[in-house]
Structures are given as structure tokens and as C-alpha cells.
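Pulled from TrEMBL:
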TRANSMEM  95-124  transmembrane segment
DOMAIN    115-378  domain 'G-protein coupled receptors family 1 profile'
TRANSMEM  136-159  transmembrane segment
TRANSMEM  171-193  transmembrane segment
TRANSMEM  214-235  transmembrane segment
TRANSMEM  260-281  transmembrane segment
TRANSMEM  325-348  transmembrane segment
TRANSMEM  354-377  transmembrane segment
COMPBIAS  404-413  compositional bias 'Polar residues'
REGION    404-423  region 'Disordered'
Amino acid sequence: RFAHETGPNCSLVVARAVPWTHFGTPCDRSLPCVDIHPYTVQHSQYAMFLVNETDAVLLPAARTGEMVKLLGWNLPPEQMHLVHEHWKDFPAPPYFMHLLLALIYFVLMNLSLIGNGIVVWIFTTSKSLRNGSNMFIVNLAIFDLLMMCEMPMFLVNAFSERLVGYETGCAIYAALGSVSGIGGAISNAVIAYDRYRTISNPLEGRMNRVQASLFVLLTWLWTLPFTVLPMFNIWGRYIPEGYLTTCSFDYLTDDSDTRVFVGCIFTWAYAIPMVFICYFYTRLFGHVRQHENMLKNQARKMNIESLAANRNANAEAAEIRIAKAAFTIFFLFVCAWTPYAFVAMIGAFGDKTILTPFFTMIPAMCCKIVSCLDPWVYAISHPRYRQELEKRLPWLGIKEAPDNVSTTESKQTVVAEPPANAE
């Protein structure tokens, strides 16, 4: 219904959304029929607008005569096959949005590089930290650093407002995200298993370095199937998403092959690690609660208030602190990857119209944030790591009591004097 007579050189302004339709055909309104192409400006005696059939909104561009750029406007025609049809109906974001995301990613990149770099440095160069369990922490930090390697590519893409490198750049970006994401998920599962073994069976449950190396190798092998298959278009494919400055596996194509692929990668990369993590942490916290009840009963029998000042109790308390750090990282993993899994499942099985470019950029950024937070969680919660940080970087002001000093104020206080004839 928005058609009015204008000057002969008026530009046609197209405002698009899903679904868009004409309010009556041009011929019904006795207006000239116009061939509309989403990437060109049509000149006509009339200016006709495509408006939403439920809520017509006149965009500012309609008043100024400027053309609305759609996603993919700056890609050459031979590269347009990379862009899924779903994204071609959305207007391109303003340049300041690219700059804002670039600024956020730049900060995250530096936090990840510093934090994970320090984790790898401390755990690999400190003899007191060279054990099987800590190999998993180093492995997780390496996966997080791989996630960080995506960020310089994103900065270039954001400043260019397009995907630099086209197919090759998209494949590299998505492969780095696949390896780091799937590897981080299964590494969290292995850490949960190791924490459960170590705390539930402290004498025989600790892994040696050979056993830990095999588990580390398993985490890398776990990442291969759903990284290699889309890369070579054997099953699935990598395509741009959101603002077309990031890449991931295709979850938008409406066919059974894509839906099966999304279901399998969801199970492999998210559901299976999540089941393992929940199982082992449930068993772990059940064991800790049982152990605390046993200590309380033993203290009651010995007529003392607490056994927490005992050296062995302090050692176990340190292990529990490590378990809490691991659980915190698991919680961050859930917060990061659940939204992304949700987006992928909607794209494959749900209503795709709710997947706007901005909506899909948020889960991708959450994944990057968590890869930066992991090392700082250990800096707060891991006692031995904090001790090494205090030795190596005293200017950080970290105060961590040595292992041979009790971190609690509880003492073995006698509640009632035993009888004189008691043995």
C-alpha cells in the first residue's frame, strides 16, 4: 500500500524480512510492474516498498533514497554459493556492529593468550605439578588456545565486513572451532573422571603419566570425525553464519542428511560428554558427602570437635578444591555450549525464522568467553597452581598457604575430659 508518485530518478528502496509480500500486486494498483532484484537499485516512476504483511514499518532508508544492503552484498558472485539462502534475506549489519564485535574479540583474545599461556607455562615447567592429572589441565588449555586462534581471523573478517579467504578461510576457521569445542567438551569429561578416581580412591586412583597420555590422545582422536568429514564435504559442510564473518557446520539446509548430521554431532560433541560429566561429578559429590559424614561420626566418637586440622584432611581438602575448580569449568562449559547447541537444533529441526544474524552471533561469542575464563578459574581455586604463581609472579599478590600449613582455623579441641582410668 506504500506507493506514491515521485520524480523520474527515484531509487527503489527495498526493506526485507521474513516473510515479506506485496500489499496487492502492482497491476492491481494500476502501477507499473517492477522487476525487483535484492542486490540492485531499480529506477522507476514510482517507489514501491516491500512491507511486512503483519506490521508495516517504513525504514529510514525509504525516506533518504539509500539502498538497504543485504548480507553477502560485498561477496563476488562466484563466492555467493557459500552463503546459505537463509542469510540472504537479512540486511547487512552497520559497520559499527562489526567494530564492536572486533573490540570484544580483541579483549578476549588477549585474556585467552595470557591466561592459557600462563597455565601451560606453569604446569609444564613446575616439577611439583608434573603429574598425570595436571596433564588434562594443560590439554584443556591447549584446546582453549586453539579457540583463541580463531580470533585474529575474526578481526580481519570484521574489519573487511566479509569472510576473508572464502572457502579456505571458512574451512580453517570452522575446523579450529570444531577441534577446540569438541576437544574441550571431552576434556571436561576426562577431568571429571580423573577427579572422581583421585578423590574416591586416593591411594590407587591416581593416574600415572602413561595412562594420562593415553586419555589425552583419546581427546584428540575424539575431535577428528566431525572435524574432518565437513572439511572435505564427505558429510556435512562448513558455511558462514550470522554476520558472515564466522563459520560453522551447516545446520540450516532443510534435508534429511543435514538433520542426521546435526543430530549426530549434537550427540557426539555435547550429549555424550555431558552424560559422563554429570555421572562422575554426581558420584564424586556423593563420595565427598559420605566422607564428611564419616569424619563427623569419628570426631564424635573421639570427643573432639573437628578432624579438619589433620594433615591428611588438609590434603583431601586441597583435592576437593581442585574438584570444585573443575566443576566450575564444567559449569562454564554448559553455559557456553548449550546456547550454541540450542541454535543448531533449532536450525535443523525447529523454526528457522527466529535465527537472526545477531541471535546466532551471541552463542558463538559465549564459547570464546569461556575459553578465556578457564585459566582464571584455576588461578582462583587450584591451590598448588596458586603457590607456583606466587613463586613465579609475586607481583600478582597471590597469597596461598603452603601444603604443610593448615588453611583452617579449626583445632582438635577436647570437648569432655576422658575418665582417669580410660586408656
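Placed from the backbone N, Cα and C atoms, the Cβ positions cover glycine too.
In summary, the transmembrane segment (325-348) lies against the transmembrane segment (171-193): three or more C-beta pairs, each 6 or more positions apart in sequence, are under 8 Å. Of the two recorded stretches, the transmembrane segment (95-124) lies close to the transmembrane segment (354-377), with three or more CB pairs under 8 Å once pairs fewer than 6 apart in sequence are set aside.
Beyond the transmembrane segment (136-159), the same-chain residues lying 6 or more positions past its ends with a Cβ under 8 Å from any Cβ of the stretch are 98-99, 101-102, 105-106, 108-109, 112-113, 116-117, 119-120, 123-124, 165, 169, 172-173, 176-177, 179-181, 183-184, 187-188, 190-191, 194, 212, 215-216, 219, 245-246, 329, 367-368, 371-372, 374-375, 378, 382.
Summarised as a single figure, the pLDDT of the domain 'G-protein coupled receptors family 1 profile' (115-378) averages 87.
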